[in-house]
Amino acid sequence: MLDCTSVLRHHPGRAVELDEAAVAASAGRLQSQADRLDAYESRWRDCASDGGSSGGGQTEADAVQQLDSLVYQRRPSPISTAEPGTENNYINGVDPSCKYESTLKRLSDLCSLTPDHLVTGSHSDFEPQEEVGDDSQRHFAPNEFLISAADNRRHRPLPRLPSTRPPPEDNNSSFCIPRPKLIVPVHANPRKRRTGNYLLTSLDSPPPATEHPSRSSEGRVEVSRDEKYLSTLAPGKVFGELAILYNCKRTATIKAATDCKLWAIDRQCFQTIMMRTGLIRQAEYTDFLKSVPIFKNLPEETLIKISDVLEETFYNEGDYIIRQGARGDTFFIINKGKVKVTIKQPDTTQEKYIRTLHKGDFFGEKALQGDDLRTANIIADDAEGVSCLVIDRETFNQLISGLDEIRTRYKDEVVERRRINEEFKDVRLQDLRIISTLGVGGFGRVELVQINGDNHRSFALKQMKKAQIVETRQQQHIMSEKEIMGEANCDFIVKLFKTFKDQKYLYMLMESCLGGELWTILRDRGHFDDSTTRFYTACVVESFDYLHSRNIIYRDLKPENLLLDNNGYVKLVDFGFAKKLLHGRKTWTFCGTPEYVAPEVILNRGHDISADYWSLGVLMFELLTGTPPFTGADPMKTYNIILKGIDAIEFPRNITRHAIALIKKLCRDNPAERLGYQKGGISEIQKHKWFDGFNWEGLRSHTLIPPILPQVKSEIDVSNFDEYPPDAEGIPPDDVSGWDIDF
């Protein structure tokens, strides 16, 4: 989200991960960046009003960080489902029909800036280029490269905001780049890369024509790939917009065909604003709700959920927001402007003025409690228009009921955890003997082990290289994984019994599941039938029920992270991306497997447990078909397809209509609309028609016969796992920094 969070590393067996530990370590820098944005806004406004003033420092110590993100996928390379040949579809796989084309305008609205202020080089962390005179402009000359997919130099920073700006009467609202300068030279990184790596890029877009009809973006640019001409983009076209959301590698070259002017914004600035304004907006909306009598006694987390579904609606002066005598089901909070309240006089057409309502006032609250016959007129009464926050009765009822239910299904878990801790308290690392290797992960290996003197049980020992954890800055994630697994006591989650450490490794002694990975079985069979998918999905639902009732978000659901125990029941494993959230709060970490991430994760809008329900729908689709619904030739295309939504996906005929209905309800674009996140909670999933007749109690008691019974001959039978060679990297170096003192 901020520069301090943009550290991406590669973990085999995992996925793209944004290091949120850096956010916690550098939280104080958020306000500093926000202050700089405010300072620039003030400076821009001063320049717009009086032509600006000369001087001003143009250097800062911090350079724009590069994000290194690598994607590791164990499944075969997916096939792109994007339609080729569409204009603007050549640049990073961007389809202009996607829902995020208004990103620039939304950013402008969030910043309270007009598009003239979103000028090239407006971010404070850009390094200075050459001085610009009072009447100079920056523009592209023909045949200059704007974006290169072939050049292997590092990208240069964008030019800084000039010390002076042209007077506003010149109508120069966007900078031009003089010949032969470059505005956004984005190139491939010369460092060695692994498969799936992609680069830091920026958004380069012309201003919307409606904002500057007299001087919108000028000129044309040509799009090519591998020196082959693809298309020409005219003024008003947008390219590179996905690049401000996450790391990507340019898939095409953009060249100025004529003299042209472009608008540009870098990802760091965009994401800083998105996070800051998202938090501010949530706090402001929540404060509004607290002033409403029917909301004031609701808990904070409930108010935050309601604030997330408030929709902003704009009315021009004189518009009737509510008409007397009409039936309504909508509640309004005034966000900007003022309205007047009138009532119609009996036996006349005259309306009697009652009062004026301003920002923070509300009306229509009775509509949320039942069918409401409007008793007055509400009319927009502001020359600049009126903005209202709106929620309807159906949405309100979906959220307000059942949010505070207390789960008691696992009330004995504390006693059980104490029993486990007591049983393994005397086990030492040297008491374990290695039998075989079960898997290889990003930080080390998972070994099948037994305790000396106990041949009736086996365990999985996960060993992680401390030096590699420090190098990739994953200390906080490892500690979080240990904490969450150490406290969990659920039959559908792999149990953690004890942890060890030495100078080279961290160790986690866990329950062994010798039935193998669900991914391996799916790979061998191609796909599962309806009843098999239902059983495994139900196991995941039970694990999510346990986690979500404790405000834990999992964020890495996929067949690779589902293990079959000896009896054929599925258990959730690998909690490296799991996180415990505060009540009603969100997180902004970009992590997960590309095919499984929810739209709000891609768009940096913040996410919570609702993102897990999205991934549950994706899992259902993959189990039924053998491939996820959102697959592209590379992560960029995959994200593009995700943003088009589940309704753009064609379902195979072998999927039943009830399964399709459930998948679509889980994969709604709006997190608040996803089944499992509404008033009935996760029980709404369990009650869905696709689960009609399913024996949930039999599943919980493990009396239900699973669809696949793995062949496990003994406690040390590893025949359901692949074979792995010895660690080729050898013994890792010591790490004695002490960060793992509490592990």
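Using N, Cα and C of the backbone, Cβ positions are placed for all residues, glycine too.
Sequence annotations record features per position, and here TrEMBL assigns region 'Disordered' to 147-176 (among others).
Residues or ranges marked as region 'Disordered' in TrEMBL: 197-225 (among others).
The compositional bias 'Basic and acidic residues' annotation in TrEMBL covers 212-225.
In the predicted model, the domain 'Cyclic nucleotide-binding' (218-291) has a mean pLDDT of 79. The domain 'Cyclic nucleotide-binding' annotation in TrEMBL covers 218-291 (among others).
Among the features that TrEMBL reports, domain 'Cyclic nucleotide-binding' is placed at 294-417 (among others).
Per TrEMBL, the feature domain 'Protein kinase' maps to 432-691.
Taken from TrEMBL, the feature ATP binding site covers LYS462. Cβ-based neighbour count (10 Å, all protein chains) for LYS462 (ATP binding site) stands at 25. DSSP gives LYS462 (ATP binding site) a strand state.
Counted with DSSP, the domain 'AGC-kinase C-terminal' (692-743) comes out as 5 helix, 0 strand, 47 coil. Feature annotation from TrEMBL assigns domain 'AGC-kinase C-terminal' to 692-743.
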DSSP helix/strand/coil residue counts for the domain 'Cyclic nucleotide-binding' (218-291): 28 helix, 22 strand, 24 coil
